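Engineer: Shown below is the structure under consideration.
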Amino acid sequence: MSEYLLLLIGTVLVNNFVLVKFLGLCPFMGVSGKLESAIGMSMATTFVLTLASVLSFLVNQYLLAPFDLTYLRTMSFILVIAVVVQFTEMLVQKTSASLHRALGIYLPLITTNCAVLGVALLNVNEQHDFLESAIYGFGAAVGFSLVLILFSAMRERLAAADVPMPFRGGAIAMITAGLMSLAFMGFTGLVK
């Protein structure tokens, strides 16, 4: 039980996919302008990442590995991710049209979010079992969501602040992301 908790904490805080592994930077910078969009993107990404992680494990374990088709791993994982994203987009469109409009192009772009594919491939490389794959996917999603929501709140606060002209926009966003990354480095010794 403690092994699973350590995996979850390690994935969320210590090995955060955005701040440590630099995966998922496109939606991190693109959707973080408004807190409402960041929360919606976080929920959608959490759902997609967790489900894609589990389904990718199943595809690898019961389809690719037994038939020695591991060379198709990346392509099959991308297909699984695309199906999960399409399902999520239909679900969001039916349940919340305003959220669907707010997310705009970023919802279909979850398909190309390298963090989603990275989690699926790292699950295979680290030889996680089914439960570990689910926890790893969920932890990566929670870590992504945590960083995205915190960063979005900071960007909204910075938009109201008196930032010098050369630092406005992307420059102050990159400085803020760097400071967040330094703050998350404090968790490094938490999990071995």
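Cβ from N, Cα, C; glycine included.
Quick paste of what Swiss-Prot says about this protein:
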type     : residues : note
TRANSMEM : 5-25     : transmembrane segment
TRANSMEM : 39-59    : transmembrane segment
TRANSMEM : 72-92    : transmembrane segment
TRANSMEM : 102-122  : transmembrane segment
TRANSMEM : 134-154  : transmembrane segment
TRANSMEM : 171-191  : transmembrane segment
Engineer: How about long-range neighbours of the transmembrane segment (102-122): same chain, 6 or more residues beyond its ends, C-beta under 8 Å?
Structural biologist: 17-18, 21, 23-24, 26-27, 30-31, 34, 36-37, 40-41, 44-45, 48-49, 52-53, 56-57, 73-74, 77-78, 80-82, 85, 88-89, 92, 136-137, 140, 144
Engineer: Which stretch from 5-25, 39-59, 72-92, 134-154 shares the most C-beta pairs under 8 Å with the transmembrane segment (171-191)?
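Structural biologist: Ranked by Cβ pairs under 8 Å, first place goes to 5-25.
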Engineer: With a cut-off of 8 Å between Cβ atoms, can you find at least three pairs linking the transmembrane segment (5-25) to the transmembrane segment (72-92)? Only pairs 6 or more residues apart in sequence count.
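Structural biologist: Answer no: the transmembrane segment (5-25) and the transmembrane segment (72-92) share fewer than 3 Cβ pairs below 8 Å.
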